[in-house]
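Chemist: First the structure, then my questions, so here it is.
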């Protein structure tokens, strides 16, 4: 099971799933990452093992 947490290193609107995922894994030691709509814009969200 994965828990999601907004990226702490991504700035601005998320428009590239691949870059978001790479940044979550590389910089934040997450297992996965993707762009997800959180009002008012798409944000980079990182996924960790709970």
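Glycine is no exception: its Cβ is also placed from the backbone N, Cα and C atoms.
Swiss-Prot lists 3-50, 14-35, 20-44, 24-46 with the feature disulfide bond.
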Chemist: Out of 3, 14, 35, 44, 50, which of these disulfide-bonded residues is nearest residue 24 (disulfide bond) by C-alpha distance?
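Modeler: Looking at Cα distances from residue 24 (disulfide bond), the smallest one goes to 44.
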Chemist: I need the least crowded one of these disulfide-bonded residues (3, 14, 20, 44, 50), counting other C-beta atoms within 10 angstroms of each C-beta.
Modeler: 50
Chemist: Among the disulfide-bonded residues listed here, 35, 46, which has the most company in the form of other Cβ atoms within 10 Å of its Cβ?
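Modeler: Counting every other Cβ within 10 Å of each candidate, the maximum falls on 46.
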Chemist: Of 14, 20, 44, 46, which disulfide-bonded residues are close to residue 3 (disulfide bond), meaning a Cα within 10 Å of its Cα?
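Modeler: So the list is 46.
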Chemist: Near residue 50 (disulfide bond), which of the disulfide-bonded residues 14, 20, 35, 44 can be found within 10 Å, Cα to Cα?
Modeler: none
Chemist: Measure from the CA atom of residue 35 (disulfide bond) to the CA atom of residue 44 (disulfide bond) and give the result in Å, rounded to a whole number.
Modeler: 5
Chemist: Filter the disulfide-bonded residues 14, 20, 35 down to the ones within 10 angstroms of residue 46 (disulfide bond), Cα to Cα, kept in sequence order.
Modeler: 20, 35
